[in-house]
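Positions annotated as domain 'Major facilitator superfamily (MFS) profile' by TrEMBL: 243-515. Annotation comment: TrEMBL describes 33-58, 64-87, 96-117, 123-144, 165-183, 195-216, 249-273, 279-300, 312-334, 340-362, 374-400, 433-451 as transmembrane segment.
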Amino acid sequence: MPAVRNESVEGHVTLAPTPSISEAEREAGLRRLIYEAGFSSATAALTSGVILTAFAIYLGASNLMVGILASAPFLSQLLQAPAVLLVERLRRRKTIAVITSIIGRSMLAVMAIAVFLPPALAITSVTLGQFILCALGAIGGCAWNAWLRDLAPQDRLGAVMAKRAVYTTSVSLAAGLAAALLLDQTQAGSALRAWAFASLYLVGCATGLVSALVVARLPEPQMPPASGEPLGLFSLLRAPLADANFRRLVHFLAAWQFAINLATPFFTVFIVRQLGFDMTFVMVLSVASQIANLVAIRSWGALSDRFAHKSVLLVAAPLYILAIVGMVVASQLGKSDAGMAYLVGLHLLMGAAVAGVTLATANIALKLSPKGEATAYVATSALVSSLAAGVAPILGGIFADFFAARRFELVLRWTSPNGVAVFSPLGLSQWDFYFLIAGALGLYALHRLSLVQEEGQIDRRAMIEQVWGEAGRVARNLGTVAGLRAVTEFSGSLLHDARLRARWLRRHRIIAAER
């Protein structure tokens, strides 16, 4: 049988794995891996997050549909577990990653065309396209993670990912602002606005397909032959839930993800519909949050390494909950200069806080895992987090219309001989109730966190002192950014490793018993 030729040598693209990869092929692959991040991040910036919510609002989507769209990235993560079986069965990680990427990102073209369809059909098309895109992205991501780890040498993986992060951050900020400026130049509800959205999604589709082409040109090391009997995923994930302390952590993660995702997916709806700001300002808020996240992540990491991850959470999590509740003040200020300044400051606080929450949440799951069993523990925490984060915005959308018809006002009345003066210092309506409910649920999540035991934890007051000390050194320190979704994501390759390790242990016990 002739050997499979590699693209970098013969000049053609092949999706077949390569038995051996030369150093030159590996270096070429790593270079492509770095600049591929620019194309994939452009796709995300132009078609997801704030832009997707704005698109849904333009199409006249109900609050429920906005919530369903927000749940797609989280619920799709549940497919990573069965995707491990697909990767292990086919053993063609590159094929899976490229095909799922091409089909999934082609849905962006469908979403672009949807803008010219009747409203009901348009919203349905966008929703289906988003779920297909996210589902295939989760399956492809499972294969991609396993492939990436084999392609990049372990001693260089950190440097490669850091360079990818630079491309990702730079392109995301530039593309996001460009998209917001384009939308701001068109009148809401106009034909030009429709063409603007269609253009964004078509460009996003194009950059996504270019990303898939670059990925297709990366070499894939051949997976080792499969061995042993198949191991059920549920049996693998059962052990973490039997651990009492880790089970308390899972309770915290579920409560936390539900609390924050009940309200945060609707921030754009609140700012645009209730406060009346334009999309350019919404993107400015998004950029401010990302910058704060970048600045804070390294300091949170230093504190997390010096102390306990729980100690970081006991400071960062309340700050984030406070910021969510603080959105109520924005509704009192309304569309004003004071309101704009307040929202910018609030998003800076949220960006810094979520950096600490994301970092500490991911690391505490690792730390509380028994040695050699981290994979199943991290996978379990990610699956539970994904489920809670996916259900919350759907429930939020369901009850949005109920709260839309309710209003609470605090009225002060002063009666004097000169007449009666009435003053209302506080008025709550629709999304304000969500922010307060999220705050209450966040307090419950913090209660669940207090029950988790971790070595090295210090009390909140001492940790706050350390945060202030670290803040004085943060101005010149920029690190990689991780968002809310990073809390719910896990690498399918880790689950694959756990399956292999479990098989090895089982065979070892059988051999020992026979002896």
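Quick reminder: no glycine exception, Cβ is built from N, Cα and C everywhere.
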Give the one range among 123-144, 165-183, 312-334, 374-400 whose Cβ atoms make the most pairs under 8 Å with those of the transmembrane segment (279-300).
165-183
Between the stretches 123-144, 195-216, 433-451, which one has more Cβ pairs under 8 Å with the transmembrane segment (33-58) than any other?
195-216
Candidate ranges 96-117, 312-334, 374-400 - greatest C-beta contact count to the transmembrane segment (249-273) (under 8 angstroms):
374-400
Please tell me whether the transmembrane segment (312-334) and the transmembrane segment (433-451) touch - that is, whether there are at least 3 C-beta pairs under 8 Å between them, with each pair 6 or more apart in sequence.
yes
So if I exclude everything within five residues of the ends of the transmembrane segment (165-183), which remaining residues of that chain have a CB under 8 angstroms from its CBs? That is, six or more out.
34-35, 37-38, 40-42, 44-46, 49-51, 54, 193, 196-197, 199-200, 279-280, 282-284, 286-287, 290, 294, 480-481
Who are the chain neighbours of the transmembrane segment (195-216) in space, where the CB to CB distance is under 8 Å and they lie at least 6 residues beyond its ends?
7, 13, 15, 32, 35-36, 39-40, 42-43, 46-47, 51, 55, 58, 94, 97-98, 101-102, 105-106, 108-109, 111-113, 115-116, 144, 179, 182-183, 185-186
When you scan the chain for residues with a C-beta under 8 Å from the transmembrane segment (340-362), skipping those not six or more beyond its ends, what do you find?
253, 256, 271, 277, 281, 284-286, 288-297, 300-301, 303-304, 309-310, 312-313, 315-317, 319-320, 322-324, 326-327, 329-330, 333, 378, 481-484, 486-487
Could you please provide the mean pLDDT value for the domain 'Major facilitator superfamily (MFS) profile' (243-515)?
77
